[in-house]
Amino acid sequence: MAYEANQTYQPSTHLAVARPTISTVDIERPQTIEEIKQEQEDQFDYSQRAQWLRAAVLGANDGLVSTASLMMGVGAVKEDVKFMILTGFAGLIAGACSMAIGEFVSVYSQLDIELAQIKRDNLARKNEEENSDNEKENLPNPFQAAGASAIAFSIGAIVPILAAAFIKDHKVRMGVVAAATSLTLLVFGVLGAVLGKSPLVRSSLRVLVGGWIAMAITYGLTKLVGKSGL
């Protein structure tokens, strides 16, 4: 009888020791990768936001350089301030429309490709509606991209126009346009370097020198053509 009592007692001790390990495993299992993925989906995609901001800076830089170069070229052969400002304004409108249309066509083509890919992927999935709804929320918006490009271009293009608007003397006006454009180029270069995580000084100088080259070429060639009487 004593031997049987010992036999019945040992399983109970083993069960008592095993219970905590089973309960701890059950407690830890609900905290898995699913919760981590859910948290990541709820957070903003800051990398995409940085890309959008960098694209906006580049669009503003395009507007600044192209409009300033156009005004410098016109200023090389015409001293009338009204003609110079109207030329810059025409360049602003034309460039903004061109940027918006180009961005709209590009992003819409990307949207068509991604929608076709989602349809192909959903053929092999269950819960098609849930998957497609979640993926469509992350698709690019062509109208948003077109509007952002036009606004960014216009912001850059308005700088040389405002710089030349209130100065009557032709030589001073040309110098102010070049100075305002150079300062804004440095600002855009710094923003592009910060968003692109590239060397600050090198990126800023690259943007500045590129703008100077564009303005100098436009000014020189326009003056040459104007003197030739073509």
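Quick reminder: no glycine exception, Cβ is built from N, Cα and C everywhere.
Those TrEMBL annotations? Automatic predictions, nothing curated.
Quick look at what TrEMBL annotates:
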type	residues	note
TRANSMEM	81-101	transmembrane segment
TRANSMEM	145-167	transmembrane segment
TRANSMEM	174-195	transmembrane segment
TRANSMEM	207-226	transmembrane segment
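Counting residues 6+ beyond its ends, the transmembrane segment (81-101) has Cβ neighbours under 8 Å at 59, 62-63, 66-67, 70-71, 74-75, 146-147, 149-154, 157-158, 160-161, 164-165, 167-168, 170, 173 in the same chain. Here the transmembrane segment (207-226) has long-range neighbours at 61, 64-66, 68-70, 72-77, 178, 181-182, 185-186, 188-189, 192, meaning same-chain residues at least 6 beyond its ends whose C-beta is under 8 angstroms from one of its own.
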